[in-house]
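Participant: According to TrEMBL:
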type     : residues : note
TRANSMEM : 12-31    : transmembrane segment
TRANSMEM : 99-125   : transmembrane segment
TRANSMEM : 137-170  : transmembrane segment
TRANSMEM : 176-204  : transmembrane segment
TRANSMEM : 225-247  : transmembrane segment
TRANSMEM : 315-332  : transmembrane segment
TRANSMEM : 338-355  : transmembrane segment
TRANSMEM : 364-385  : transmembrane segment
């Protein structure tokens, strides 16, 4: 029998290796057989390896590489939280700090963090459920259509890893695990603003472990206090960024104010969903309609609505907060980018994996998701908007 650690590495290696091999093949095919938007000829791998590599340098990746190279010299870039570009800068500067180096550093780190996330995810699910469910969850997460952002140099792999580590440390519940969970929560809140909401499942886990099992022995009060204190680390990550902005830019809330520069403003969470549905029927809005955006916002929400009984409360609370918080800040009131934001909600994948005990569901899921994943890879490397 393999140890849990070795088994987790082994199970994670298969979907990771296959997905990266397919991504390389599809990058080559996509950049040599299909033209750029508005052009008639192909580009990329048929011209040079350099162009082939840079086919993955799109959209937010440009902003993170810019921050890694020059810091927050552009005010609107303060909307992007600092940990990810800081990691790219810290590693990239060791190898020369050029544009290509920073970009490749982001790609390598992104894929490394996703591989580690798969390992943690497997270990978490094997304890919460069973090995077959954990195994299927890895394949589902790797090949969900918007998992292409676990390949590109985006924040999603890092944020996913930090969230999974929080849940893993809460599950272990050892003397130092609460502090490790608090530290991961702090780093998550330095990666994306939604990271601060990890404090909510922290409270649920803490209450279930230390408040409800009464009577609590007097000698455990020190343990009880020690488990609660690390929660203050979670907002500390955001506080550090705010202190930096106050010192460097004179406004600790600049990151929030710059959201408007990117077309984001507050809305009720149902408003962008309703707008997406309206786009189907209104000819004046249909030109901006992206059916994938609407489908892969509704699918996670429907999964949570149907499968909420399958998960402990702290998983469901995390999933709901991570779903509805970004929906409150839509871009131009549309669902643009939301499938990417929602792909890190791993409890959705957990529910799908539980449902995989029904063979028809398992086959239907992979038959639908894998082609869409491949399509998104080719769209992304050809400069088409994905999410």
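Glycine residues also receive a Cβ, built from the backbone N, Cα and C atoms like all the rest.
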Participant: Cβ under 8 Å to the transmembrane segment (176-204), counting only same-chain residues 6 or more beyond its ends: which ones?
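Facilitator: Sequence-remote neighbours of the transmembrane segment (176-204) are 81-84, 155, 158-159, 162-163, 165-167, 169-170, 226-238, 240-241, 255, 313-315, 317-318, 321-322, 325-326, 341.
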Participant: Restricting to CB pairs under 8 Å, which listed stretch, 12-31, 99-125, 137-170, 364-385, is in contact most with the transmembrane segment (315-332)?
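Facilitator: The stretch with the most close Cβ contacts to the transmembrane segment (315-332) is 137-170.
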Participant: Excluding the flanking five residues on each side, which residues at least 6 beyond the ends of the transmembrane segment (364-385) place their CB within less than 8 Å of a CB in that stretch?
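Facilitator: Counting only partners 6 or more residues beyond its ends, the transmembrane segment (364-385) has Cβ contacts under 8 Å with 19, 22-23, 26-27, 29-31, 34-37, 44, 55-56, 58-59, 139-140, 143-148, 151-152, 290, 292, 336, 352, 356.
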Participant: For the transmembrane segment (99-125), what are the same-chain contacts with Cβ under 8 Å, counting residues 6+ beyond its ends?
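Facilitator: Hits for the transmembrane segment (99-125): 4-5, 7-9, 11-13, 15-16, 20, 50, 53-54, 56-57, 61, 64-65, 68-69, 84, 87-89, 91-92, 133-135, 137-138, 141-142, 150-154, 156-158, 160-161, 164-165, 167-168, 171, 346, 350, 353.
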